[in-house]
Amino acid sequence: MKEIKDFEKIRIKIASPDQIRSWSYGEVKKSETINYRTLRPEKDGLFCERIFGTTKEWECYCGKFKSIRYKGIICDRCNVEVTHFKVRRERMGHIELSAPVAHIWYYKYIPSRIGLLLDITASNLNSILYYEKYIVIEPGDTDLKKMQLLNEDEYSEAKERYGMSFSASMGAEAIKTLLENLDLDELSSKLRLQMIDKDDKTDKKLLRRLEIIENFKVSGNKPEWMIMDVLPVIPPEIRPMVQLDGGRFATSDLNDLYRRVINRNNRLRKLLLLNAPEIIVRNEKRMLQESVDSLFDNSHKRKVVKGTSNRPLKSLSDALKGKQGRFRQNLLGKRVDYSGRSVIVVGPELKLHQCGIPAKMALELFKPFVIRKLIESESVFNIKRAKSLIEQEVDEVWQILDNVIKEHPVLLNRAPTLHRLGIQAFEPVLVEGKAIKLHPLVCHAYNADFDGDQMAVHVPLTPAAQAESWALMLSTNNLLNPANGHPIVFPSQDIVLGLYYLTMERKNVVGEGRKFSNFNHVLLAINNKSLDYNARIYVKVDGEYIETTAGCVVFNEALPGKISFVNKTLSDYELQNLISEVYVVYGSSIVIEMLDIIKELGFKYATKFGCTISMSDIIVPEEKKVYVDKANREIAKIQNDYTKGVITGEERYNNVVSVWSKTNEELTNKMMEILKKDRDGFNVIYMMADSGARGSRNQIRQLAGMRGLMAKTSGDIIELPIISNFKEGLSVIEFFISTNGARKGLADTALKTADAGYLTRRLVDIAQDVVVRIEDCGTINGIKVEALKNGEEIVEPLREKAVGSYSIERIKSPITGEIILDVNEEITEDKIKLLETVGIDKLVIRSVLTCEAEHGVCQKCYGRDFSNNKPVNIGEAVGIIAAQSIGQPGTQLTMRTFHIGGVAQAGSEDDKIALKNSFILNGLEGFNVQVDGGLLFTRKGTLRVINVIYEEDIKDIKEFKVLDSQKVIKGMPLFTSKDGIDVLSSHIGYVRIKDNKLMIVSEEQEISLKTGTKLEVNVGDYVEAGRVIGTFDPFAEPIIAEVRGKVKFKDIILGTTLKEEINLETGNIEKRITDQVFESLDPRILIINDRGIEIASYVLPGDAYLQVEDGQDIDIGDIIAKLSKGSEKTQDITGGLPRVNDLFETRIPKNLTEMAKVSGVVQFKAIQKGKRLINVLDEYGVEHKHYIPAGKHLLVRDGDVVKAGDMLCDGRINPHDVLEILGGISLQEFLLAEIQDVYRKQGVSINDKHIGVIIKQMMKKVKIVSVGDTNFVYNQKVDKHTFYEQNKRVIEQGGEPAVASPILIGITKASLNIDSFISAASFQETTKVLTDASIAGSVDDLKGLKENVVIGHLIPTGTGMNLYKRVKVRENSSSEM
């Protein structure tokens, strides 16, 4: 027999009236429910036993037949079939409606589906359905038009005038007739022709109408089924009625809603029989329509039907919708039996794979197992007796429990489960008390602490579940974070402090300088108190004496034998690195052993250290006053400049904030220096921060330095800093300023948690069906990766980006020519080292972004699974892992929107350019002019530099072994020295011989320069490290004259485009261009020569401060006007979570930039409707128009040459523009870089492939640009694979394929547009999704995880994949062996 679960697809359609009647077991004719005396269902009522089945098992209503032997017999007295009472859960009834009624889902929801089919507006449709207007069905030979609406008077007039020669009616009957008369094929071809005529300007309505018509055609649904003649009644057990203690009844709201429908229906039937006046019948029909609407969707109506306690009744739609609806409450989230929860306490004595379960809890959880063992051991013979033994808690029960619990894993879960490590399996150990004991090292994965957190325990029951728990979920198998492959099980707090103390070195202690021949001697000396843990000693390791400390020896002695000697002071960072290295070299079993040893040692020596904090440990630097006085002097100078009118108010504010930030930073450095020297580095506060056990530099600064600048509630920074620290104590005003920040912090945290949770939910929804389904998709495309650099420092090395991926190309050594990496070979750590030694720093790798698997991704494109550092298994749910990896750190991201001027976090802005390395200036780009001994950049520019990695004087060289400009790698001979020794290169780079020096230099790098930068070096110069090569104003952007001449104002009119403000603080007059836009006025400054000819023109953006007068002589390099950075302060740089949200939802940013659509020459045109037209002429002379809001600060001038994708004005980039102008690959790179940037700033490491999985899902669809011979509709959005398949079919038949362009869809929209209607319906907008799916007759292939959970199947991933389900286990016969 086939099980009900053995189906592979599920389909949803509109039910026809015949279908509804075929489901039904009888008509519900009365609105009664239960007889109040007998408490039995009323005949023909909503709970009738004849229709829905008997309420008593194997017994009819009247009691004539009472026994299972009469099964299936229908009683001749009461007509009730003798069955099991459970049939009341599945038998349906129906109500025959006296007048047709429209289904609210199809007419009320926007866009109204019936309205689209008939081309009637929603409001008109409403007035027809609610019997307010007539609609002409057949105009006959009258002046009326088909589908014309008539009110009462017009209808009466037409009746008088034309008599019976036309037909018009109202209500659902009229709509039903119209729907029956529709010819879908004819309508479809008519609309397709209209679309071709309209071409580009297609309106959305046409597209929607066509889609709905096509859906009806394909699905086999008939449009008239949206109007109902018969109403299904759901089984009574699903809308139960129960008696409460007081004799009253509690009933489901649906019964009340059905009752209203039945009452009105019966009343209407009577009125029709009585031939009542039309107006009464019509009113009753309208009420019937309303009552059916309420039954289907009560919340969507204007006038909600309310129950007894004045609360809206819950209709069928409400039962599905939202968090409390059927999908999310009962199908996706269920409560589980065999589970318990309790408070957690730390269990330092546990092994990593163990957890402590309170004995009483374990007994309850494992009760069935204990009962079985009791019966097997013949202590008892039935379950009842076994239960009573367990309740008495006899000794035998505890013995049995001990045996049952051995090797039976339990799952521990801590809410919120943000990633998969929030549920792990442990072996239970029975403990006294009522609290669950948790191993201290797994706290990080759970984000647990012991301040009252609770955890839940679940018991896996079946052998398969236990096997999976052991093999996949055991805590010792989850040592790495799936987001990035770093260890997630590592010591923190006490353990770190203990080991830091143990491995530190202290001067002048017992036993300093002694030599020991082996570890045992060291331990003996420590035990005899003749050697201090922190003493510097010499000990023999592998036959050589090394300098170390006694504590290091103790640490290494305890480690497993294979690990090489660890000789450094261990901070938390060092410990994590150690764990990583040991994992890579020796595997997980050694790591697990090592972790438990580290835990024991850490706790032991933290106890021995016994550190305490006192006020004397908090040392305030004596120099503090000096720093503060210096800052006050600088601020006085800034104030003076402001009073003179040299700088604007915003610049003054920015400068003040900058001064305090710098002062605070300098003071903190001094303070840390003092703390480090205090007590030979054994200052407890410093030790805690330095070891990474607790506290940070920032917190110590507030204790012993100065609290610094605080932010207002608006996010602006209060320029009055808190100079005191907590040791000195705050003044009243300082305390009051502090309260702002504290309150904001708490409010942010609460909002952030909900926001991050919602982000995770949306990400899971879009990626839930991305599973590794095949081994190799065979693609030849990949993406380029290289180390991510910020100027000269490497932010993310190539290793992070490439390890674990597969190469697309064959890579040979540039020196020997041998193959280092072959096509489709995994890039391992060793391969990366090899590539680095030969100087290869760019790779093309396979990526999820370019994977061509039809569903999900393939093994080769995904690469390594970071949770175990092995190639990913087929069946791994990588989409969910990706969503969790991005969503889980979401709670750590800030909600705050940073201001450009906001420097509470940002530190001070520098006004100098100086590089950390020596370098050679290789070239300049950007418009610059020569002014007194330097170069002044009048627009943004770029420096091209090559860093000097190594240099040697030529006079010490006897013979060169390399040529100028030759590439060298590590270990290559460079020259022979005077002593005849060959000197080898210790770096990779290029040889440069210059100024009597032999240098090794890096590849060229670009450094961007701001407008107004003054450069003091020339191309070709060699510059030492740290030398200042240029200066600029960080708080203002100048507009600079590039020619000599006379100033002439154009369209700068006082009171219109120019505003003169008297600064009340300084009494100076400030001239500012207004940000109002005038059609005919375009404020600019012209520069004219002696002959009065215009030689330069500068457009002035809104809010620019003028620095020149009309008619004034001007020289090259003079500042004409400047834009204060403060005016940019209002343009928030959205950081943190809101930014990630915007990127994933592909929202168009507020302050938008305009990107050049093509490469070419810029031409300025006039301002029209508040927008400036800028044309870019491409190489063929074609003009491409760009409209930029007037008053925006332009980054180009008339006649400039731009590249496609260059920004023409300042602002934020729109991801959709990137896709349109630069294409899909650039968009992927842009989104990846922007999202990673937010996480990286918060110190969160997420591997690119996780974000790649989500971006891939956002770019799954394409938009049809040309239809060809396919069935697509112009502008329709379809799945890439559907598109390719249709085209393939059309090409095979010799037709013309369709053309489409890629589009980017935000995650919420993409989740709703997903192929699976079950998944989409359980996400958001449930009723809308189901409405559209039913019209289209959608089939859900049950490919994703969510739909299978809802249906109750095993999820198709991991061991639940069909691939693995079909595995048969056969015994080997002896002959084969």
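Every residue gets a Cβ built from N, Cα and C, even glycine.
As written in Swiss-Prot, here are the features:
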- CYS60, CYS62, CYS75, CYS78: Zn(2+) 1 binding site (BINDING)
- ASP449, ASP451, ASP453: Mg(2+) binding site (BINDING)
- CYS777, CYS851, CYS858, CYS861: Zn(2+) 2 binding site (BINDING)
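Between the binding-site residues CYS62, CYS75, CYS777, CYS851, CYS861, the minimum number of other C-beta atoms within 10 Å of a residue's C-beta occurs at CYS62. The CA atom of CYS777 (Zn(2+) 2 binding site) is located 62 Å away from the CA atom of CYS60 (Zn(2+) 1 binding site).
Ranked by CA distance from ASP453 (Mg(2+) binding site), the binding-site residues CYS75, CYS78, CYS851, CYS861 have CYS861 at the top as the closest. Less than 8 angstroms from the CB of CYS60 (Zn(2+) 1 binding site) sit GLU49, THR54, LYS66, CYS75, ARG77, CYS78, VAL80, GLU81, VAL82, each of them six or more residues away in the same chain. Ranking the binding-site residues CYS78, CYS858 by the number of CB atoms within 10 A of their own CB puts CYS858 at the top. Applying an 8 A CB threshold to same-chain residues 6+ apart, the list for ASP449 (Mg(2+) binding site) reads CYS443.
According to its DSSP assignment, CYS861 (Zn(2+) 2 binding site) is helical. Annotation for ASP451 (Mg(2+) binding site): no same-chain Cβ neighbours under 8 Å separated by at least 6 residues are found.
For ASP453 (Mg(2+) binding site), other Cβ atoms within 10 Å of its Cβ number 17. Of all the binding-site residues in the list CYS851, CYS858, CYS861, the shortest Cα-Cα distance to CYS62 (Zn(2+) 1 binding site) is found for CYS858. The Mg(2+) site is set by ASP449, ASP451, ASP453; from the centre of their CB atoms, other residues of the chain with a CB within 8 Å are ILE344, ALA448, PHE450, GLY452.
Highlighted in sequence order, ILE774, ASP776, THR779, ARG846, VAL848, THR850, GLU852, ALA853, VAL857, GLN859, LYS860, TYR862 have their Cβ within 8 Å of the centre of the Cβ atoms of CYS777, CYS851, CYS858, CYS861, the residues recorded for Zn(2+) 2, and are not part of that set.
Excluding the listed site residues CYS60, CYS62, CYS75, CYS78, the same chain places TYR61, GLY63, LYS64, PHE65, ASP76, ARG77, ASN79, VAL80 with Cβ atoms within 8 Å of the centre of the Zn(2+) 1 site Cβ atoms. DSSP assigns ASP449 (Mg(2+) binding site) to coil in the three-state reduction, placing it in neither a helix nor a strand.
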